[in-house]
Each structure stands twice: as structure tokens, then as C-alpha cells.
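Below: the structure, in C-alpha cells.
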Ligand SMILES: C[C@@](CO)(OP(=O)(O)O)[C@H](O)COP(=O)(O)OP(=O)(O)OC[C@H]1O[C@@H](n2ccc(N)nc2=O)[C@H](O)[C@@H]1O
Ligand SMILES: Nc1ncnc2c1ncn2[C@@H]1O[C@H](COP(=O)(O)OP(=O)(O)O)[C@@H](O)[C@H]1O
């Protein structure tokens, strides 16, 4: 018997970043939207913990116990006093090190898959606690939809959405390390006082109304200058997206994937074609959100 869990990528429609905390993390006002670009994690009983991965970026995924899916299985097994005797196969479609929370998605998916496989019946609150231990973005991958993350992004409040938002994502030829982008944010902020992060009323209202034009006006990402500083060519991709008719273009989270908001599915296909032809990115994908979080299929 095996259990397969499907789990979405995310885009940050607001990422407000505060000053570095004593523990090295940053307080955030992080408005997440789950979008329909998925990994699938299949858990199968095995003699020992093992991970395999297939997909376009599979060669960049660690297969040892640092993989977030393996760490999730170990964390759940430890809580329930059992051995993590499971094989985890990741069918990966979310770009690696792309600012779309692919590793976090696999952590959340493995947790849900192992919980179902082992019949642990862990309460939702406990699963969310384990997620937060695994990483700041992992709780959101579990719940999906749209949510505001505070603290380091792990404390979630559901956010209302009044419609579907259509996006074109442009994948970059190399990844960006999340800690390196936060370090660059600190370096760029050196001489100014960084205000405490606050959720934007305009972003929340635009989401509630399901209004892409209003969301396009309100989108912000405080990590974008840091991502552009480390990866200046991303400015060309953002410009190509705007020229292709996107209502707005921004770096997704810590990047380097760029997210281009469009009005509807037809506009997404058109902008995707133009972005592909622009030669400013490795590949282009269309996806819409909100979609549900980690789900057994
Ligand atoms: C930036 C965001 C935006 O959603 O995602 P990505 O764009 O990387 O996907 C997240 O904050 C990433 O979350 P996640 O990838 O889970 O990060 P973690 O494993 O918790 O932390 C990795 C490292 O990022 C930095 N970090 C992360 C979160 C945070 N609030 N402050 C930080 O300074 C720290 O250097 C930390 O050691
Ligand atoms: N299951 C996983 N999938 C992808 N990367 C993983 C996974 N587990 C651990 N990692 C590590 O996490 C790093 C960040 O990957 P990822 O989560 O895809 O990006 P991001 O944090 O930008 O959203 C990778 O470079 C890789 O070393």
C-alpha cells in the first residue's frame, strides 16, 4: 500500500520584511497564495528511510536526510515513537531554489502522506507545529489557499479570496539561496531603520474582491531589490513580462522565479508565449490560485 499527496507551489503577493532578529530570522508580513503548480510525494512502506526524485530539476534535489520530505518523516516518526521505515518518491514539478517553496511543499506533503500511511491520526495543530519546526514556509504548504504569515512566516491566518488569479511564472537558469537573499536585504538596509512589517490593506482587499487590477497595483516584495542585486538579469525578465501584457511583474519570494499577474487564462497563454520568445528565462509556466494545500489523492 502507498499514499500519494499532491502539494502546490506558492507566490508571495506581499512580502514585507522587518529587521534581522537576534535568532537570525526576520519578522515578516507574508501574504501567500497557493498556485496550481504541483509536486507529488508518494510514501511506501520500506526497510529504511529513502528518497527518490524525478522531474526537470531532479538532479538539484538532495536525496539524503537533509531533504525536507525525509526530515518531515523523521519528525513525525520521532513524535510517535516509531522508526521512519518509509520510501518517499517526489515527482517534482515545482522549480528548485526558485522562491516557490518547493522543498517546503515536499515537507508538508511527506508529513500528510506518512500520517495517512502510518495511521498516526495526528491532530492538525500538531502537524502544523511539526511544519513550523521544518521551515517558515512549510505550514502554508500544508494549508494552501491564501494566508497571512506573521512571525517568521509560520503563524498563519486565513485570508479571504473572491476569485481566481492568473499568473505566468518565468523560471531562471540558476537558483538563488534564500539565506543569501536575506543577507543581501540586511546589507542593503545597513544605513536605514527597517520598519516593522505590516500586512497591506490594499493587498487583502484586492484578494477579497478577486480583483486582479487592484492586486497588480498593490503587490510588493521587500526582497526584490536584494534578489535583483544578486541576479541583475531578472530585471530583463520582469520587463519582458510587462511588455507581454502582464498587469504586474515581481520576483516570487526570494526568487529567482518571476511572477507575472494577468487578467485571465487567455491573457496568461498570450503572455507565456511572449515570455518564452523573449529569451530572458529558462522556461515558462502558467498557473492560477488559490488552490488547496497538501491533499491525499
Ligand atoms: C523567502 C520566503 C518567502 O515565503 O520563501 P522562499 O522565497 O525562499 O520560497 C520564506 O520566508 C523562506 O522560508 P523557508 O524557505 O521556509 O525558510 P527557512 O527554512 O525557515 O529559513 C531559511 C533561512 O532563510 C532566512 N529567513 C527565513 C525566514 C525568515 N522569516 N527570515 C529569515 O531570515 C534565514 O537565514 C533562514 O536560516
Ligand atoms: N524536497 C526538496 N526539494 C527541493 N529542494 C530541497 C528539498 N529538500 C531540501 N531542499 C534544499 O532546499 C533548497 C531550497 O529549495 P526550494 O525549497 O526548492 O527553494 P525556495 O526556498 O527558494 O522555495 C534546495 O537548493 C535544496 O538544497
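Even glycines carry a Cβ here, placed using N, Cα and C.
The active site annotation in TrEMBL covers 10, 137. Residues or ranges marked as ATP binding site by TrEMBL: 95, 96, 97, 98, 99, 100, 101, 102, 103, 104, 105. The domain 'GHMP kinase N-terminal' annotation in TrEMBL covers 67-145. Annotated domain 'GHMP kinase C-terminal' per TrEMBL: 204-279, in sequence order.
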| message | Counting only residues 6+ away in sequence within the same chain, which have a CB under 8 Å from the CB of residue 103 (ATP binding site)? | response | 67, 68, 96, 135
| What recorded positions in 10, 95, 97, 103, 105, 137 place CB under 6 Å from ligand 1? | 137
| request: Look at each of the binding-site residues, 95, 99, and point out the one with the fewest other Cβ atoms around it within 10 Å. | output: 95
| request: Please list, for the domain 'GHMP kinase N-terminal' (67-145), how many residues fall into helix, strand and coil according to DSSP. | output: 46 helix, 7 strand, 26 coil
| request: Give the sequence-ordered set of same-chain residues, not counting 95, 96, 97, 98, 99, 100, 101, 102, 103, 104, 105, with Cβ within 8 Å of the centre of the Cβ atoms defining the ATP site. | output: 9, 94
| request: Could you state the whole-number distance in Å separating the C-alpha atoms of residue 95 (ATP binding site) and residue 137 (active site)? | output: 15
| request: Identify, among the recorded positions 10, 97, 101, 105, 137, the residue whose Cβ has the fewest other Cβ atoms within 10 Å in this structure. | output: 97
| request: Just give the helix, strand and coil counts over the domain 'GHMP kinase C-terminal' (204-279), going by DSSP. | output: 44 helix, 11 strand, 21 coil
